[in-house]
Amino acid sequence: MKFVDEVSIRVKAGDGGNGCMSFRREKFIENGGPNGGDGGDGGSVYMVADENLNTLVDYRYTRHHEAQRGANGGSTDCTGKKGEDLFLRVPVGTTVIDASTQEVIGDLVTPGQKLMVAQGGWHGLGNTRFKSSTNRAPRQTTPGKPGDQRDLKMELKVLADVGLLGLPNAGKSTFIRSVSAAKPKVADYPFTTLVPNLGVVSVDRWKSFVIADIPGLIEGASDGAGLGIRFLKHLARTRVLLHLVDLAPLDGSSPADAAEVIINELTRFSPSLTDRERWLVLNKADMLMDDERDERVKEVVERLQWEGPVYVISAIAKQGTEQLTHDLMRYIEDRADRLANDPAYAEELADLDQRIEDEARAQLQALDDARTLRRTGVKSVHDIGDDDAWDDDFEDDEDGPEIIYVRD
């Protein structure tokens, strides 16, 4: 199934049913009182988190969703039937955003969680509601209120405990294959991974955690280059990040330079994401002699001024991976215990999570806006500065012929 993590849809709640104007008419009762019933309320639209879904592909081609309208009121004080609510099932981890205001309506992070995104219209009133001591035969009714209509943007962020960072061909997919039952595609060319992959890592049989692999980052990713920038948001909800570095790149490049590129791009994408717990994992150690391996490890650590945990592994040979997974499991459990017992720590992490979410959304929105400007041919702020510099080189052409470009 195709992986889709961003869609835009329009939802419309049902309108309320109209009130009825009716009077009681029976044998021997010629002038009975009013008995027009109220209309029914319109159906509302809800989002429901479904743990059996992992993509938003169902909403890629079906963009309009409308709940049922409430039935009109009837005679003999019959109230119209309420419109049926519409339940849209989405994967756990979906964020619902109002497209017009960019307001976050809610996050669906637990299975079965419901979120109302459009309120059904209020029912209209029948003429029975307007009778009084001075108005025995009212002919007044009210129509049902229209239901809410909203343009929504839905963003899916996979829920994983551990996220993998690294350049293409750093061995992220090989690592996730070696520690879990996931089987992502592995090849000797860049960008083998095109969509996020999830794997469940079992530790000591009864313990497990989820690990996420996203497409590799390249230099300039924070400006929209490559694939990884669109998927960095999936790491926003992870508990710990593993920064994978290839110790023996095929092109002979410096592992320290590659590690520095990832740090720079991560900082530009979301400064708060760099405050997340990160571990340095140096991969493909089996391809080097011991002296050369130790020298490259030292170079990377010194270049990054790294003070956190460092692991030297070989994912394909499964060297050092078991110790790494056990340490990850221990960290995740200790973190959960501290969250439960330390309110200050829990508040600090909640604030960090919110800052990461806000920065990631702002960065991706800026990239979307820039892409829209390019498609429409409108210059962005950065492009205007470049054109002004270009015009300065041709100030001597003021006396030349004037050329006017007209867009069809």
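Yeah, the Cβs are placed from backbone N, Cα and C, and that goes for glycine too.
Since we're looking at a predicted model, the values are computed, not measured.
Per Swiss-Prot, the stretch carrying the note region 'Disordered' among 6-36, 68-98, 378-408 is 378-408.
Averaged across the domain 'Obg' (1-159), pLDDT in this predicted model comes to 90. Comparing the binding-site residues S173, S314 on other C-beta atoms within 10 angstroms of each C-beta gives the minimum for S314. There are 24 other CB atoms within 10 A of the CB of P215 (GTP binding site), with all protein chains counted. Long-range Cβ proximity for K284 (GTP binding site), meaning a same-chain Cβ under 8 A and a gap of 6 or more residues, is found for G171, D246, L247, A248, S314, A315, I316.
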